[in-house]
Amino acid sequence: MTRKRKKKTSSASADDSLPPGSQDESPTASAIAIATAETQQADHFPIVGVGASAGGLDALRQLLEAMPERPEFAIVIILHLARDKPSLAPSLLSKYTTMEVRQVHEETLVRPNCVYIISPGSYLGIQEGRLQLTEIEGGRTTPVAVDLFFKSLAKDQTRCAIGVILSGTGSDGTRGAKAIKEAGGFVIVQEPSTAEFAGMPESAIASGVVDRVLSPQEIPAAIARFAQHSYLQPSTPLAPQPNSPTKQVSSTKQDAPTPAISSDSLYAMISLLRDHDNHDFRNYKDATLVRRTRRRMCLHQIEDIETYLAYLKQNPDEITALAKDLLISVTDFFRDREAWDELSTNVIHKIVANKTDNLDSNDDAIIKDNAVRVWVPGCATGEEAYTVAMLILDELRTQHKRCTVQVFASDIDKAALQYARIGRYPRSIQSDVSAERLQRYFDSEEGDGPFRVNKTLRETVIFADQNLISDPPFSQLDLVCCRNVLIYLNPETQQKVIKLFHFVLRKSGYLMLGTAETVGRQQNRFETVKKKQRIFRRIGSIPDEGIPLPISTGSVRRNPPRLSSLPRRDQKVTHLIQHKLFDLVAPRAILIDRHWRILYINGDVNPFLLHTSGVPNDDLLSKLRRDLRSRLQEAVQRSFAKQQPVRLSCRLAQGTNSGELDIEVRPLHDDENEQTLALIIFREPTDNAAEQEPSASPPPSSSSVYPDEPVLGPFSAEAESTIRHLEDELSAVKDELQSSLEQFEISHEEYKASNEEVMSVNEELQSTNEELETSKEELQSLNEELATTNQLLGSKVEELERKHADLENLISATEIPTICLGIDLTIRWFTPAAQSLVRIRDTDKGRPLSELAHDFQDESLTAECERVLAELQPIENEVDCRDGRCFVRRVIPYRLNGDQVGGVVVTMIDITARKQREEQLRARNVFVAR
C-alpha cells in the first residue's frame, strides 16, 4: 500500500469510479497525471496492515525477526487489546526488529522503516497517509478493529493496499480483506497449521479473497516482491488515451518503464478466458481488464504480458483465478447506508403503498400484479439482495400488508452464488446490520459462530446463474438495484444495459445504481429521484425499435431493416407485413450453440417441446419431447462433426401432435464470435411427396438440393421402444444421483454444524485466553526471576545427571541380581547379574514379569510381588535354582516421594557357598556325634 502526501480520490478504483463519459481525455490532463506520478515517486513506500489476535504475538515475533534491517516500508499492527489496560506490545516487539516501534496515541504521519501499533480502547484508520484514532463504542462486543483498518486502507490506497492476517480467533479481518481485494490490493494469510489459533486465517481463506498462504517467516519476502513490481509503482492512468496512435495501457516507473499491454494481447487473453470458463469479457473496460491482469502478473512476478499469456496457456488454474479476479464478487450489507435510507424512504415505501394484499388470492394475475418484484444483477455473495429484501419486509410490516416478495439475485460467479444461497455470514456484520434486524432476519449459531439468514428472509430471495449481458432478463419489475456493476463495462454496453433496465421495469418502476454510475445518454428514459444516491424512475414508453435481447455482441439475433426514414404509421405497417410474410415463408426453426443453449426461435415450435414447472432455462435438450431427443441429439452431433447438413425423418407417436416430421440440422459458422452454431429446421412432409417417393427413400429435396448430406431414416418400433426404455433408465439414474448428492450435502451440513459446535466451545475458551494474552505483558517482569530459577534448575539437572551416572555405574558394577518392576509388574530396569537367573534383555523393558522364563524351581515369584504390592511388606525366601545354586530372594516395595508405592524391587543374593559350608559343618557334626 502506498502513502501519498497529496490528496487523491478514494474509491474502488480511480479508473472505474467515474461516470460514463466523464473521464478527462485531454492530452494536457494526461501530461499532468504523468508529471504528478513522477514527482510523487520519492513519496511512495509500501504500508502493510497486519491483523492479529490470540496467539498473534508469537506470529508477529517470527514475522519481525524475518524482516530485513531496512525494508523501506512501514507496518501497522492491529491487535485485540483490553480497553482499560496498558499494552506492553511495543516493548515486547521492539526486541525482535531493528525497525522503530511506536504505539499510536494521536494522528500520526506514517514513515518508512517503522512499526505502528494500535492503542488499547481504540480503532485505527488511515487517510492520506495519516493514521487516525477513533474511540471504541461502549456497547460493541464483536472485535472488528482489523476489518475497519483494512477497509480504510483499501479506500485510501486502492490497488496498493496490502493486508496480512495472522493467528487469532473469530473472523475479524475477513470483510476487510474483501475490501482490499476489491480495490485491487493483496491479501496474505498465515498458514493455519502454523497458527496457534487458526480462526482468523481460516475465515479469510474460506472467503476466497486470499492471494498467498504463508508461514510468518515467509511473509516479509513476499511483501518485498510485491512492492518491487511495477503494478505497485506510481503510474500514469491505466485507461488507454483516445488520441494515442496505438491503443496501449502502460505504467510509468522511474528508470524501469513498464511494458505496454497491446489490444492484441488483451483480446488474446479474453479469448483464453472465453474458451476456458465460457465467460466473455469483451464488454469490460480495457482499464479494468488491464488493472486486474497486472495484479495477477504481480502475484507471479511477471512483467511482460506475452510471458503471462504463455503462463496462462500452460496453467488452466490461473485462467480460472484471473476470471475470478475480474468478476470482483465483493459487497456488504447496507453499503453506503445513506443511499439505502433514501431508497427505503423514497422508493420502497411508494412501491409497497401501491400494492394490495395478495397472499389470500387465488387469481394468478392479481398475485403477480401485486407482488413486489426486484432484480439485483451482479449480486456477488448476496449481501445487497438480502439488504433489499429486509427493507421491503420492514416496509410491509410497517404498512401492515401481506404481499408476495420476489427478489431475483443474479450473477455469473457460481462460487459467490453458492455462498449467497447458504446465507452464512461472519459475526462482523453486526457493524452493518442493526441488532433489531439481526434478531428478526438471522439465526445466530451457537457460541460466537456466524449469523445465518433465517427462513423468512431466505424465501424472498431467488438466486440465479445469469449473465446480465447475454441471458434473458427478468421482467415486470418494480425495482432494479444494479450497484457498482456498470463501472466495469465499456460505455456502449453500459447504454445497452440501461435500455434493458428500462425495458424490464414496470411503468414508473425504479432504478438504483452505484454512486459512481449514471444513466448517461438515457435521460429521456429515466428521471432523477435522488441524484446523489443515483436513484431514478422509469419514464416514457418502449421505443418502436424494441430492445435487442440478448444485448451481448456475441449473441445471434435477427435484425430487421432500419426504417427511420419512414413515417411512424408506415413503419408499423411495414413491420407488420414483414413479420407476417416471414412467418408464412420461413419454417419453424431453433438456433442453438454447441452447448444446446437456445439462441433464437422462429415460428411455433411448441409441438416439439415440453414445458415443465420450475426455474426456466435455455437448454434445448431438457425441453425436447422424449420421442425426438435421442434422434435429434445424434443428428446435431453428426452435423457438428462433419460440418454438413443432416436430415432425418421421424414419427411423433405421442400426444395430439402425432404424425410424420422431417428435421434438418444445418451448421452455421459465426465469424464474429468464432463459434459454430446449429440451425434445427422442422418440416412436415407433404402428401404429394409421400406419394411420389417410396417410403424407404429420402425425399426428393434431399437428393436434389443436398445430394451428399446424410439422411437418418426412422428407427423401428423395437428400436424406439429400446431407446425410450434406456431414456427412462437414464432418467432414473439421474434422479438417484441427484438424491445421493442431496443426501451428501445434508450429511456435509450436519458435519459442518457439528464442527461449528466444537468451534463455538473452543472460541469460548479462546476468548478467555485472549484476556490472558492482554495481561501477558504484566508477566514479563517475572521472566527474569524465572530465568534465575532456570539457572538454578540447570545446576540441579547437572547434579542429577551426575548422580544418575553414579547410579548406573553402581548397578553395572554390582554382582547382585536385581530387578525393578512397575506397579503393573512390568520390567523397569535390572542389573546385568539378573540375566543369569531370568531370561531378560534390554528390549524386554515394559514386558510383564510373568512372560519371562527363569531358573528358579518355584513359580511363586509373581504371586510374591502381587502380595507385596497389596500388603506393602517385604517378603524374603530361600529359593533353589535348577542348576543347584541357592539364593535368598527378597521382594520389597519400591517407594516414591510421599510414601507412595511405584512398584517392587526383587533382589537375589547367592548363598550357595554358605549353604555348602553349612552342609559340610552339619555333616562334620554328625560325624563327630557318632
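The backbone N, Cα and C atoms fix where each Cβ goes, glycine too.
According to TrEMBL, the feature region 'Disordered' maps to 1-29 (among others).
Among the features that TrEMBL reports, domain 'CheB-type methylesterase' is placed at 47-230.
Residues or ranges marked as active site by TrEMBL: S53 (among others). According to DSSP, S53 (active site) sits in a coil region rather than a helix or strand.
Feature annotation from TrEMBL assigns active site to H80 (among others). According to its DSSP assignment, H80 (active site) is coil.
Per TrEMBL, the feature active site maps to D172 (among others).
The annotation region 'Disordered' is assigned in TrEMBL to 234-260 (among others).
According to TrEMBL, the domain 'CheR-type methyltransferase' annotation covers 260-540.
According to TrEMBL, the region 'Disordered' annotation covers 688-713 (among others).
The feature coiled coil is assigned by TrEMBL to 716-810.
Feature annotation from TrEMBL assigns domain 'PAC' to 873-923.
Computed over the domain 'PAC' (873-923), the whole-number mean pLDDT of the model equals 86. When the alpha carbons of S53 (active site) and H80 (active site) are compared, the span between them is 5 angstrom. Counting only the Cα atoms, the space from H80 (active site) to D172 (active site) is about 10 angstrom.
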